[in-house]
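Residues or ranges marked as [2Fe-2S] cluster 1 binding site by TrEMBL: Cys5, Cys10, Cys13, Cys35. What TrEMBL records for Cys75, Cys78 is [2Fe-2S] cluster 2 binding site. Annotation comment: TrEMBL describes 192-369 as domain 'FAD-binding PCMH-type'. The FAD binding site annotation in TrEMBL covers Leu220, Val221, Val222, Gly223, Asn224, Thr225, Glu226, Val227, Phe292, Asp315, Leu359, Lys377. Marked as Mo-molybdopterin binding site by TrEMBL: Gln725, Phe756, Arg867, Ala1034. Positions annotated as substrate binding site by TrEMBL: Glu760, Phe869, Thr965. For Glu1213, the entry in TrEMBL reads active site, proton acceptor.
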Amino acid sequence: TKLGCGEGGCGACTVMISKYDPFRKKILHHTANACLFPICALHHVAVTTVEGIGNTKSRLHPAQERIAKSHGSQCGFCTPGIVMSMYTLLRNNPEPHMEDIEDAFQGNIHSPAGVQPGRTVFCKSCNVLMLFRMAEVCLFPLQNGGCCGGKTMTSSSLFNSSEFQPLDPTQEPIFPPELMTQSNKQQKQMCFKGERVMWIQPTTLSELVALKSQYPNAKLVVGNTEVGKRKMIIAPAWIPEMNAVQHTETGVTIGAACTLKSVEEVMRKAVSDLPPYKTEIFQAVLEQLRWFAGPQIRNVAAIGGNIMTASPISDLNPVLMASGSKLTLVSKEGRRTVTMDEKFFTGYRKTIVKPEEILLSVEIPYSKKGEYFSAFKQASRREDDIAIVTCGMRVLFKDGTSQVEEIKLSYGGMAPTTILALKTCKELTGRGWNDKLLQDACRLLSGEMDLSPSAPGGMVDFRRTLTLSFFFKFYLTVLQKLSKSGTASQLGIYLLSYLSVSNPFSSASRVDQPCVLLQEVPKGQAVEDMVGRPLVHVSASKQASGEAVYCDDIPHYENELYLTLVTSTKAHAKILSVDTSEAQSVPGFVCFVSAKDVPGSNVTGIANDETVFAKDVVTCVGHIIGAVLADTQEHSRRAAKAVKIKYEELKPIVTIQEAIEKQSFFKDIKRINKGDVKKGFEESDHILEGEMYLGGQEHFYLETHCTLAVPKGEDGEMELFVSTQNPMKTQEFAANALGVPSNRVVVRVKRMGGGFGGKETRSTILTSVVAVAAFKTGRAVRCMLDRDEDMLISGGRHPFLGRYKVGFMKNGRVKSLEVSYYSNGGNSVDLSHGVTLLHLDNSYNIPNVSSVGIVCKTNLPSNTAFRGFGGPQGMMIAECWMSDLARKCGLPPEEVRKLNLYHEGDTTHFNQKLEGFTLRRCWDECLSSSSYHARKKLIEEFNKQNRWKKRGMSIIPTKFGISFTVPFLNQAGALVHVYTDGSVLLTHGGTEMGQGLHTKMIQVASRALGVPTSKIYISETSTNTVPNTSPTAASVSADINGMAVYNACQTILKRLEPIKQSNPKGSWEDWIKTAYESCVSLSATGIPDVGYNFEKNEGKPFSYFSYGVACSEVEIDCLTGDHKNIRTDIVMDVGTSLNPAIDIGQIEGAFVQGIGLFTMEELRYSPEGNLYTRGPGMYKIPAFGDIPTEFYVSLLRDCPNSKAVYSSKAVGEPPLFLSASVFYAIKDAIYSARKDSGLTEAFRLDSPATPERIRNACVDIFTKMCPSAEPGTFKPWCVRV
């Protein structure tokens, strides 16, 4: 239903494939990625999409109903895929366990707009899917014995699960009977011919062999999970011999067309049926498959394809190579068997298999007595990720001894092919399995598994260290097994503290407490008054059933054209020529659009420093030079690729460091100073200096940028359907490019599949191009960016470098701070002068401050707003020096943090007085609810007992200022129409991107008018209903639009007042009918009246602050850098919540997005400014498994906010920084690891804390054996921008 990435990496397009398997004689249901699955492969197959299982017109399927009513759908773009993963699981297993559910969601990622939809929503209980039982428990009994002193009713329930319809497996649609009867008939060879590709599906092995002989260069395709260009495709999925599984005397032979899912089933059965000593290799295969892509890929990808693509980072090939698996090849010449050894891979993506040969089957051998096997893999993310380094390790001992008879160590990710460590293995053969062998093996491996410092993929030190870490894990695992079998009399020097090396991460013990805690509405609040109640997101059911219309779902117009951008491949260059002649010969080509076609002004951008189309010079890779228009998306893409551009390259500036050296900065350097910094340093006991780098972040909204432009044919009128947070600027920039006044352009936004700030200004770069194209052709034009285009051109969160000098007393009290921030702004100003300086204090009272904020001008795509917008970077650097100074003082970090927290009435470094300061309440409540001190002792104990696994914990506060810091932006508008039947149409200036803004506005209008929410409807946001709206950003949209809605409703109520007085017992409908008949206007506009216009610096840049505290616990693997988020407790002040379900969803979503920012997501650029990470294959956002195993969110009670509508507070951005608690918990765990290596001083950890950074910081004997190359002596593969 939805296209999120086009490479099988996000799961948004998940569908259920059902077919009758003639080999197993049963109907199989499995998930697949619609974006990869070839239509030709659907012969004799039934496909079920989310629309096919239920809808809002008749009835929702229980899986759809649960995710909707349990508040599991927010932006909704990922929801259909998640529903289909769940539905398919239920078709195969109506009573799944939690592990089954977690496995089923491995291939689905979700934009962290809100509630974690996965494992919380679906849980088997009493044969029904339901949310975890959330007991009505109060966690915070006060001293007087009363529950919260009896003042406030608390609740831990966001929905009533008794309302859910039960799951009835008998009511599912039946498998089409004609497909059953078809499968009994003799299959015939099929051939499909397209414009450029031919697809042949043979039915017998002899047909296949003949075809491969005729077309030796044709590709054999089963699952199509490795996307590539192919002119001739042969599909062997129907060949019986290639689907067969046989148990022989030496092992299990598996047909090359068997899917990885079926391989998993075969291996699992063998492990349960056979004695353990025979299945060592099978267990290793299962271990690798467990983390191999997602289920949607494993269900269709074949084992033969995995071998023959010859990927150097294949998860399975090292296992097959180390185990000496045998491959049967067949051709017209006959059959031959080859062993997968060091000779099998001949070069990058090449094997010894001849072009006319076919891989028929793979034999995976049984292990013998005295033989041990392990497989390891390290990736950026545990679930659904490609390996950084992967390996298979096998050792065979002489009978009854610990003397090595044979050893094989195979690695992926260390060369252009999967390789064997031949020299090392030769040296180790015949040796005893002891400490000397370990030392020699590591020495030999560090020499043999060397990498050039410029090696593709980067992370060279990390990869080299992993080869040793994996061997050490293997060594200890085997030592334990030898000890159990009585072969090794003792475990050498290895203490029990070493043995956790081979154990998976442990999980925290579950505490019997609710996952959420919130304040109930006051007693006596009318049932129909929905303010403060967990009203379900108004679009949730439509999103869960695939009925919700996003921009690209709008039906096609007649003669509509499709547009594809042509962008620069150089970071800085003069354009010498653009040649479109080859593009013109592509079928369906209509025209090429460039700067000369712009009827108005080609100058655009927030600071008028950008162009619609690059004219003479390009200033980043991805700079838009032109666009191709064609009759279909496929044709326009082909034609765009055929456009040839010649450049004269100029020297680019890519990194912050280069910009500092060349003084390449945007004007308007910001400073905030307070007190006497020099005097503060003189009075301090200690002074600490340091710096921290924070990487950028891709927005990864699941719906990419999309625009549909429809010219109206007269007076320059145009209608634009856009996925944007900023209708006003979209309208203004498009009108400017078209050379017409703004009143000719209407921008309409129904909903977005996520935004996060990425659609605040950057959506306009696409919209203006599409508008110009529609003007030129006079036809409707559509463009939805591919994921790789979107990531390339639209910019993200700013990378930051912070340099600090902080003075403090022995007790940890901060006296003075000097700090400079450098951010990488990219090639235009956009919104880069953000709010970092206003958040440099996080939540701490610093008497003397000197600060400067500098935006670097570089040749990268312009960076832009992103949830928190500069705030998280400023606060992160504050927490960096705060944690270091606590170490320096030798005091617990939580004590030093609390000592420096603001108090009620304090003034900030920008001279704003803090009123309604609830942070200390949040702090104490979080310490108590997380059992911080008791758990800290347990962590210390754990760390003493474990050398190679460490735990850490951290508690972090946040204070986030709410408002646009440009005063005039703090305005909004609303339009309320009441129709004669009493129904209300509400429009306001905010856009819906999953954050539940429309739902909250309906709640506000419902209370203001005194009518049920069912009578109120919001259709869309448009510039012809509410003009000049501010962007939906800065977390203020509910505040400013809520007041506008409230004021518009008050206007209507005032007009109705005389009518209500004359008929006090009448109904709402009666009063509206009378008003209409009395010619009283039933339409009103409103703007907010929220004293937001402050004078800069003297006044208040912020209307108020949102506060929160989070405590997180993690466990790290010191040998691989992997980590697990064990538990998080959050206490958040959201005032009196308008909708606790939406607010808790926003808190959880922001937190998980922050986990991505601070621990996973890494944008990687070449030294020339070319972005490598252009899709979910290389860029990893958090998956379901990265959500803390235990996640508790509590809304602070009794803290109304007088500054916003109905005492509420903003919630979109403030919680994001709380995930810094995970980063500092990781740093805490690393401290413990370094202490064991004799290192106790402070160390630098840049963000994100990826496995690479964690492993490299855990200095030990292995890292010392892999020293870094001297910077400047080589050209790195990627640079830190």
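Using the three backbone atoms N, Cα and C, a Cβ is placed for every residue, glycine included.
If you take the Cα of Cys5 ([2Fe-2S] cluster 1 binding site) and the Cα of Cys78 ([2Fe-2S] cluster 2 binding site), they are about 11 angstrom apart, rounded to a whole number. Taking the centre of the Cβ atoms of Glu760, Phe869, Thr965 as the substrate site, the nearby residues of that chain (Cβ within 8 Å, site residues left out) are Gly757, Leu831, Gly834, Val835, Ala865, Gly870, Phe964, Ala1033, Ala1034.
Residue density at Arg867 (Mo-molybdopterin binding site): 28 other Cβ atoms are found within 10 A of its Cβ, drawing on all protein chains shown.
Each residue contributes its Cα atom, and for Asn224 (FAD binding site) and Gln725 (Mo-molybdopterin binding site) those atoms are 36 Å apart. The record gives Cys5, Cys10, Cys13, Cys35 for [2Fe-2S] cluster 1. Within 8 Å of the mean position of their Cβ atoms, the other Cβ atoms in that chain belong to Lys2, Leu3, Gly4, Gly6, Glu7, Gly8, Gly9, Gly11, Ala12, Asn33, Ala34, Gly81, Arg787, Pro1176. Cα to Cα, Glu226 (FAD binding site) and Cys78 ([2Fe-2S] cluster 2 binding site) are separated by 23 Å. Nearest Cα neighbour of Val222 (FAD binding site) among the listed binding-site residues (Gln725, Phe869, Ala1034): Gln725. The average pLDDT computed over the domain 'FAD-binding PCMH-type' (192-369) stands at 96.
A gap of 11 Å separates the Cα atoms of Cys75 ([2Fe-2S] cluster 2 binding site) and Phe756 (Mo-molybdopterin binding site).
Counting every protein chain shown, the number of other Cβ atoms lying within 10 Å of the Cβ of Cys13 ([2Fe-2S] cluster 1 binding site) is 23. Restricting the recorded positions Phe292, Gln725, Glu760, Arg867, Ala1034, Glu1213 to those with a CA within 10 Å of the CA of Cys10 ([2Fe-2S] cluster 1 binding site) leaves an empty set.
Each of Gly755, Gly757, Gly758, Glu760, Ala865, Phe866, Phe869, Thr1032, Ala1033, Ser1035, Gly1212, Glu1213 belongs to the same chain as Gln725, Phe756, Arg867, Ala1034, is absent from that list, and has a C-beta within 8 angstroms of the C-beta centroid marking the Mo-molybdopterin site. When the CA atoms are compared, the recorded positions lying within 10 A of Arg867 (Mo-molybdopterin binding site) are Glu1213, out of the candidates Cys13, Phe292, Glu760, Thr965, Glu1213.
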